[in-house]
Amino acid sequence: MLFHLSGLYSALYFLATLLMIVYKSQVFSYPCNCLALDLVLLLLMGILKVAQLYLGTKGNLMEAEVPLAASLAFTAVGGLLSVHFLLWQTLVLWMDSVLSTVLLVLHGLEAGLQVVVIADFIR
């Protein structure tokens, strides 16, 4: 259930963040190199999220530790990218903070449950 909620929220987050980056580039003086970096990191975050959800679902259905461990690693990297969009982005709007905080909470819940499930599968 959490994977479905996370996947749905990540799609919303990706779209909202993309629109906010476009907005910031039009309204504010946003450096081009920072704009390109933010767009590349957002695209990387989307690709990692798809891989994380696929491996997490596959590992959960097969009760296999390796896909879940890979999904946990992708969750950690996704959390770091969320921190980037929360704190280290060139311009951080209030909505960026809210969306990234909710995404970090979801990453934390996913990571905690993945650790518990991996420990259960190893036993």
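Residue numbering: from 1, along the chain as shown.
Glycine too: its Cβ is placed from the backbone N, Cα and C atoms.
These numbers come from a predicted model, not from an experiment.
Database features, via Swiss-Prot:
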TRANSMEM  2-22  transmembrane segment
TRANSMEM  35-55  transmembrane segment
TRANSMEM  68-88  transmembrane segment
TRANSMEM  102-122  transmembrane segment
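Tallying C-beta pairs under 8 angstroms between the transmembrane segment (35-55) and each of 2-22, 68-88, 102-122 places 68-88 first.
Residues 35, 38-39, 42, 45-46, 49, 53, 56-57, 60, 85, 93, 95-96, 99-100, 102-103, 106, 109-110, 113 of the same chain sit 6 or more residues outside the transmembrane segment (2-22) yet have a Cβ under 8 Å from a Cβ within it.
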